[in-house]
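First the structure, in the form of C-alpha cells, and then the observations on it.
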Amino acid sequence: MALKLFDSLTRNLRELQPSHPDGVFRFYNCGPTVYAPAHIGNFRTFVVNDILRRMLELEFGAPKVKHVRNLTDVDDKTIKRARDEGRPLADVTRQWTDKFHADCAALNCLPPHIEPTATGHIREQVDMIDCLMQKGNAYRAADGSVYFKVSSFSDYGRLSRVKERELQIGSALAGKSQAVDADEKEDGSDFALWKAHKPDDGENSWDSPWGRGRPGWHIECSAMSKKHLGETIDLHTGGVDLLFPHHENEIAQSECCNGVQFSRHWYHSEHLLVDGKKMSKSLGNLYTLDDLKQKGFSPMAVRYALLSGHPRKQLNFTLDSLHAAEKALATLRAYRATLAAGGAAHHVFAPVIAALEDDLNTPAALGALFTIVNRGKGEADVESFDRVMFALGLKLDAPTAPKAEVPAEVTALAEKRWAAKQAKDFATADALRKEIAAAGWSMLDRKDGYSLEPAKK
C-alpha cells in the first residue's frame, strides 16, 4: 500500500510521490518563531510532521527524502522580546532555538535536513521581492514598505476557499472600495513583503532597494523553500492556523515570481484543546513540555498522547490521557522484552503501517498495535517491532524517575519572590527564598525566569 495523505488544496486523499528526476521527495514545514518556549499545541504539529517524515523514509528510503523546516528569528514578537529584555535579537533567538531543539530531541523528533533562518536569507528574500516588483505583483508604499498586490493574482484564495467564505480580498476582486490604511496600502487585503524600518526595530534592519527594513513573515518561507528545495516542492505542511493567510500568501508570492506550481500537496494538522478548551494563559492550560515534566510525565508519554487522535481532527489533551499513555508505554516495554531477535515478521505489524499509510491515522495505528500486543508475541520479533516503533517515533527506554509536583503554595511563593527580584526588592526576595527552602524546595534563577527543584537532602 502506498502512502496517501489528505490534500488541503484538492480536498482529496492523494498518494505522495516525488516529482523531480532525482527521485528525492521534497518536504517543507513551517517551523517556530523563536521568542518563547513552544507549547504542546505547537508540538502536536511538529510530532505529526515527524511521523510523516518517518513514513516517507520508510516509503522512499532515508536518502530520498529532503526535509526543510525554517526558524522565524526576526519579526514583531522576537524584536519586542529582545527590546523588553535589553538583549541583542540574536541572543534571544539563539536561547529559544536551543530550547526548541532540546524539546524536539526529548520528544524524539528527527531534526530536519536543513533548518534555515530568516536572518540568514535576507538576500534571497530581497531577490524574490524584487522579482515580484518587476512583474507588477508588488508595489512600494510611501514609507518604503513593499506590499503584495493581491488583486494581481487571480488564483488567490484557492487553498483556503476565501472567496467561498465571501472574504474581502481587495476591491479589484470583491468589487468594493476599501479604505487605504495608515501604511498606504492600495487595498486592505494586500500584505507586507518588506517592512520599512521603524524606531522600535532598533538595529534589526537591512539594506534593500526600497530602503532599510526587514522582511515580512510570509516571504521567508517562499524564499527559503525555493533556495533549498527548488521552485516546486512535493509537500508543504503546517498547522491549520497557518492555512490562511500564511500558506495562501506563500502560494501567491511563489507562483507569481516563479511562474510554476509552488507545492504539489498541502497538509494541515488540527488544533489541540486542553480539557475541552482552547489553550490560553488566562485559563492556565497553556502547557509547555517542561510544565508536564514537572508534573511527573515523561516526554514519550506526551508524544504518545499527541498521537492518540487523528491529526486532522481536534484533539482533547488531558492529564488523564498522559497517565494512560504512561501505562501504554509500560505495556509496550514489557511486550518488547518477550520478543526474540529476527527480522522476518514485518507482516505481523502490517496493519499498523497500513493505518499510518492511510492519511497518518495514528489512533487506528495504535489500536492495531495493541490488538497485536494483546494476542501475545506469536511470530513477532524485535526488529519488526522496532520498525513500528520507528514509524511512531516511540522510544521505549526506561523512563527516568518522575519529578515531584510543585505544591501550589510553593509556586505562589516563587512568583512573589520573582516579582520582588524584578522590582529590586532584594530583602523581600531573600526572605521568600528562605520560606521556599523551608518548604523543601530550591529556587533556581534563569535569565528568562526560574525553576523549582526539590531541595537536596
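Cβ coordinates are placed from backbone N, Cα and C, and glycine is handled just like the others.
It is 278-282, from the ranges 93-97, 163-167, 278-282, that Swiss-Prot records as motif ''KMSKS' region'. The Zn(2+) site recorded in Swiss-Prot includes CYS30, HIS246, GLU250, and the single candidate from CYS221, CYS256, CYS257 that the record places there is CYS221. The motif ''HIGH' region' annotation in Swiss-Prot falls on one of the ranges 32-42, 54-64, 186-196, 318-328, namely 32-42.
What surrounds the Zn(2+) site, by Cβ distance within 8 Å of the Cβ centroid and not counting CYS30, CYS221, HIS246, GLU250, is the set TRP217, HIS218, GLU220, SER222, HIS236, GLY238, LEU242, HIS247, ASN249 from the same chain. Annotation for GLU250 (Zn(2+) binding site): spatial neighbours HIS218, CYS221, SER222, SER225, HIS236, PHE262, criterion Cβ-Cβ under 8 Å with sequence separation of six or more. HIS246 (Zn(2+) binding site) has a Cβ environment of 17 other Cβ atoms inside 10 Å. For the motif ''HIGH' region' (32-42), the list of distant contacts is 71-73, 75, 77-78, 80-81, 92-93, 96-97, 99-100, 103, 239, 271-272, 274, 279, 286-290, 292, 302, 306, 317: same-chain residues at least six beyond its ends, Cβ to Cβ under 8 Å. Residue pair HIS246 (Zn(2+) binding site) / LYS281 (ATP binding site) shows a Cα separation of 24 Å.
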